[in-house]
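S.K.: This structure is in structure tokens; I'll ask about it shortly.
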Amino acid sequence: MPVAKVIVDVPTMQTNRPYDYEIPTALAESVQPGMRVWVPFGHRDVAGMVVAIDAAPTFTGELKSISSVLDPAPVLNAELLALAHWLADTTYAFWISCIQTMLPTMLKVDTDKTVTAATPAGEAMLTAPEVSLTAMTDQTELAKLLRGVASGDLVVHYRRHDRAKVKTETHAVPLLTPAEYSKAAAALRANATQQRALLQTLSDWAAAGQQPAIAESQLPRAPFTAAAKRGWVRLEEREVYRDPYPELRGAKLTTPLPLTADQQPVVATVTAAVAARRAETFLLEGVTGSGKTEVYLQIIAQAIAAGRTALMLVPEIALTPQMVHRVTGRFGRQVAVLHSGLSDGEKFDEWRRIQRGEAKIVVGARSAAFAPLTNIGVFIIDEEHETSYKQDDAPRYHARDVVLHRAATFGAPVVLGSATPSLESRARAEKGVYTLLRLPERINQQPMPPVTIIDMRDAMKKSGQEDFSQELLTALQDRVARHEQSVLLLNRRGFSSFVMCRECGYVVQCPNCDISLTLHMDTHTLRCHYCGHEEPIPHRCPSCGSTKIRYYGTGTQKVEAKLNELLPEARVLRMDVDTTRKKGGHAKLLAKFGRHEADILLGTQMIAKGLDFPDVTLVGVINADTGLGLPDFRASERTFQLLTQVSGRAGRADKPGSVIIQTFNPDHYAITYAKHHDYEGFFRREMAIRHLGHYPPYYFTIKLTVSHQSAEQAAKAIYSLAKTLKAGLTPAAIVLGPTPGAIARLKNRYYYQIVVKYTREPKLAATLTQILDSTQQSGRQGFQVAIDREPQSFV
Ligand SMILES: Nc1ncnc2c1ncn2[C@@H]1O[C@H](COP(=O)(O)OP(=O)(O)OP(=O)(O)O)[C@@H](O)[C@H]1O
Ligand SMILES: [Zn+2]
């Protein structure tokens, strides 16, 4: 008798082992791998996912049977199911969390878990008689509750939680002929104007053979309901898709541009690999403004023409609306867009358009790497060096790895594009693992914009200003006078605005985390960016009582105010987290800038990439080096990338551009190579440094973190973990730590970590899997263990 292998969703029982379930005869025909089911587990029913149907059970005891099937058809096909399994193995994550990551929120395999107190001891932990674990965001509270569950003080109740909501519209199906409608109208009373109008509308629809949504009729719903009762019309609920970009509908599609002599061979090489179904990885190193986007679009067009589909990833799509517009502008409704800026309903609908084969091109951020496209002909990752492609939470995957794995499955090439490739990718191209393609020149035949470096140590003395050198001010003034535009970057990396007492040096700290609070001038509050704690700005130092408490740091608001004072004639648009919090906020600000309603676009990192405005002739960087001081071996690489990307916004069309970079480290190589737009030079220099320090890409890295509410428990656990780990490593591996996390306490949990640097460790994977299995137990005692392959930061 065939059995279903089911991965269950139980928070206290995270395991990678599927459970065997009997398939009831009534469901024998309908159960397939990739369907969500509802199964008995312990004394309750929980949600789960069927991952396989086997001929016989491996479990020898008495089998329970599936209670119900949630999906009429699989929500994950065979390729995606296999991908989830691979993801769990390679990121040391739980299978169920991989499956959940791959599904849109509305389809998450979801058991709503509520806990209630069973004993007076347990009651004290609950503020309400019943608490939903699914809705709990406070990890500390959650851990507390789970401990209560483990000790038997609390009881968990599981209920099914369905979120999938299909949006429908009521359509009218005319049931009579136009002649019959006229007859019915003639029989109406003289004052029945609304009914007459309705009959006329129905008659028109019948004549045209239409069954439109009643919302389109301009008539209220009531007469339709009445007409349905009289048999004049049948009302039908039909599914509609929520469209995240209604403003793009109906616009004329753009046509491909004739390719330049540099672009042409790039497109030809990649499309040859598409045609040959060769899973080759290309690294497209193209300077800013070299026309990479047009190359992507034409490669996609050829893949579609060959009857295949295309998957394109972009970083933080909400920040790059121009890219979405360029792809949908070329391919229209064939494109589905997936990113965190969409509502759950919009994401669900875009996902279903992909799954049903109605959308053949997907553009999206990191998690779109799992888009349910079939027959994929080409994968593209734009700005491949961006850190947002790596997920911080479990499963800690890198979208590039997911794409390379899927590309091998489909026999499809991958294009990794960037003006500043990650060292990892560029090194792979060096070794011949990736094929290097280049676009060395800008489209407009313009030289790269000249970059002037301003030494702020001198400039500050001269101008008395900490934010603006005289050179930058003059250049800005000059652009305003010429009706040209400027982009001004305030580098926020490694930099925060905080409140410090000038008397005693006290910096206001978060009560829950070991970190200083960040100043928010718009709300006049201090906020913790980790736990969300918020408090008013103090007037007196909480430590010594002095009133000499001052704001430190350069916020965008402060720079904006300074700019208004120094250049009153300039219209400034500020783009930062505060001005873009609302949905579509980025797109609105950028559109405004595009319409020339401002002279200066002032912003944080979010203005550095992807912007293509022809009238921008000046780029200014207020503080180039705030990120250089970070204890992070990638600090130079990130600074170089940022400066190169932002410099690339100047002079992209026919007007020549220029760049002014203010810095306190004018001789730092990240800055001097950026001045000369010399990626290759930077690459060689940085590789030498990484080689000396035993860093990636010469070494692989892995980070293990343990946290617990008690510092002592966490420390104990990390030492025992270190022991297990070292037993599985060769002497060649470099083990750093255990050390406390860079922020030792976060949300009232204490963090300890170990970093391993290695080149070849045959037993590492098995050791980590063993550690992962044992964390299932420790999870119930309030421990959390995280395994992060190739972490974005070591601290
Ligand atoms: N073959 C072409 N003929 C004419 N114009 C082109 C061509 N290809 C691209 N362009 C134009 O050149 C400009 C720069 O191209 P694009 O934005 O694609 O560069 P990019 O390499 O993606 O830049 P970045 O990395 O800086 O974002 C765009 O305005 C684009 O429309
Ligand atoms: Zn905090």
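For all residues, glycine too, the Cβ spot is worked out from N, Cα and C.
Found this in TrEMBL, in case it helps:
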type	residues	note
BINDING	CYS501, CYS504, CYS541, CYS544	Zn(2+) 1 binding site
BINDING	CYS510, CYS513, CYS528, CYS531	Zn(2+) 2 binding site
DOMAIN	273-439	domain 'Helicase ATP-binding'
DOMAIN	536-690	domain 'Helicase C-terminal'
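Explain the structural surroundings of these features, please.
M.R.: Of all Cβ atoms in the shown protein chains, 13 besides its own fall within 10 Å of the Cβ of CYS544 (Zn(2+) 1 binding site).
Reduced to three states, the DSSP call for CYS510 (Zn(2+) 2 binding site) is coil. Around the Cβ of CYS510 (Zn(2+) 2 binding site), 24 further Cβ atoms fall within 10 Å across all displayed protein chains.
For the domain 'Helicase C-terminal' (536-690), the model gives a mean pLDDT of 87.
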S.K.: Can you tell me which of the binding-site residues CYS510, CYS513, CYS528, CYS531 is spatially closest to CYS541 (Zn(2+) 1 binding site)? Compare CA atoms only.
M.R.: CYS510
S.K.: Enumerate in sequence order the binding-site residues CYS501, CYS504, CYS510, CYS541 whose Cβ-atom distance to ligand 1 is under 6 angstroms.
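M.R.: Among the binding-site residues listed, not one has its Cβ under 6 Å from ligand 1.
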S.K.: I need the CA-to-CA distance for CYS513 (Zn(2+) 2 binding site) versus CYS501 (Zn(2+) 1 binding site), whole Å please.
M.R.: 20
S.K.: Please check the binding-site residues CYS501, CYS504, CYS513, CYS541, CYS544 against ligand 2 and give me the ones with CB under 6 A, sequence order.
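M.R.: So the answer is CYS513.
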S.K.: Out of CYS501, CYS504, CYS531, which of the binding-site residues is least crowded by other Cβ atoms within 10 Å?
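M.R.: Taking CYS501, CYS504, CYS531 as the binding-site residues, the minimal 10 Å Cβ count falls on CYS504.
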S.K.: Identify all same-chain residues not among CYS501, CYS504, CYS541, CYS544 whose C-beta atom falls within 8 angstroms of the centroid of the Zn(2+) 1 site's C-beta atoms; report them in sequence order.
M.R.: ARG502, GLU503, GLY505, TYR506, PRO542, SER543, GLY545, SER546, LYS548, ILE549
S.K.: Determine the Cβ neighbour count for CYS541 (Zn(2+) 1 binding site): the number of other Cβ atoms within 10 Å of its Cβ.
M.R.: 20
S.K.: Would you kindly give the Cα-Cα distance separating CYS531 (Zn(2+) 2 binding site) and CYS544 (Zn(2+) 1 binding site), rounded to the nearest Å?
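M.R.: CYS544 (Zn(2+) 1 binding site) and CYS531 (Zn(2+) 2 binding site) have their Cα atoms 26 Å apart.
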S.K.: Which chain-mates of CYS528 (Zn(2+) 2 binding site) that are at least 6 residues away have a CB under 8 A from its CB, listed by sequence?
M.R.: CYS510, ASN512, CYS513, ILE515, LEU517, THR518, GLU534
